[in-house]
Amino acid sequence: MARTKQTARKSTGGKAPRKQLATKAARKSAPSAGGVKKPHRYRPGTVALREIRRYQKSTELLIRKLPFQRLVREIAQDFKTDLRFQSSAVMALQESAEAYLVSLFEDTNLAAIHAKRVTIQPKDIALARRLRGERT
């Protein structure tokens with residue numbers, strides 16, 4: 001007879017657990033009676049990777065136009081009241097703001113990867129800004 005390789009098996013030891021007949025029967029009958037199907041869920045990270053690919057392909061602006069315009073007007077009001085903006089000026093500001101944020105998040109992600117992490121943290125943003133020579 002040929003030798004077979006032995007594999008380690010987990011043994012619980014001690015007494016065998018007592019069977020609970022009432023709860024098992026209730027569990028088996030519940031799904032068939034209700035017929036409620038669990039909603040489909042993707043594994044963690046799948047949707048995130050899909051969104052990354054989607055937004056890297058696209059060129060449209062990601063910040064909504066009106067909230068950004070309100071923010072620009074609110075900030076400008078601190079410097080001078082009754083300022084008017086051409087729509088093209090607000091669009092140029094939004095383009096440059098989004099380009100800056102994308103670039104900052106790229107550098108932040110590199111800082112997180114350098115620290116052997118996949119999750120970005122505020123200290124990564126601080127490091128990226130410091131390396132760029134920006135004020136903190």
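Note: Cβ is positioned from N, Cα and C throughout, glycine not excepted.
Per Swiss-Prot, N6,N6-dimethyllysine is recorded for LYS5 (among others), and the stated evidence type is similarity to another entry. Every protein chain shown contributes to the tally, and the Cβ of LYS5 (N6,N6-dimethyllysine) ends up with 4 other Cβ atoms within 10 Å.
The N6-methyllysine annotation in Swiss-Prot covers LYS10 (among others), and the record cites similarity to another entry as its basis.
Taken from Swiss-Prot, the feature N6-acetyllysine applies to LYS15 (among others).
Residues annotated as N6,N6-dimethyllysine in Swiss-Prot: LYS15 (among others).
Per Swiss-Prot, the feature N6-methyllysine maps to LYS28 (among others); the stated evidence is similarity to another entry.
Under the heading N6-acetyllysine, Swiss-Prot lists LYS28 (among others), citing similarity to another entry as support.
Feature annotation from Swiss-Prot assigns N6,N6-dimethyllysine to LYS37 (among others). A coil conformation is recorded for LYS37 (N6,N6-dimethyllysine) in the three-state DSSP classification, outside any helix or strand.
Within 10 Å of the C-beta of LYS37 (N6,N6-dimethyllysine) there are 7 other C-beta atoms, taking all protein chains into account. Marked as N6-methyllysine by Swiss-Prot: LYS37 (among others).
Swiss-Prot lists LYS57 (among others) with the feature N6-acetyllysine. Classification of LYS57 (N6-acetyllysine) by DSSP places it within a helix. Listed in sequence order, the residues of the same chain lying 6 or more apart from LYS57 (N6-acetyllysine) and placing their CB within less than 8 Å of its CB: none are present.
Under DSSP, LYS65 (N6-acetyllysine) is assigned to a helix (H, G or I) in the three-state scheme. Annotated N6-acetyllysine per Swiss-Prot: LYS65 (among others), in sequence order.
According to Swiss-Prot, the N6,N6,N6-trimethyllysine annotation covers LYS80 (among others). For LYS80 (N6,N6,N6-trimethyllysine), the Cβ neighbour count at a 10 Å cut-off comes to 7, with all displayed protein chains included. According to DSSP, LYS80 (N6,N6,N6-trimethyllysine) is assigned to coil rather than to any helix or strand.
Taken from Swiss-Prot, the feature N6-methyllysine applies to LYS80 (among others).
Swiss-Prot lists 1-42 with the feature region 'Disordered'.
Counting Cβ atoms from all protein chains shown, LYS65 (N6-acetyllysine) has 12 others lying within 10 Å of its own Cβ.
For the pair LYS5 (N6,N6-dimethyllysine) and LYS37 (N6,N6-dimethyllysine), the Cα-Cα distance reads 43 Å.
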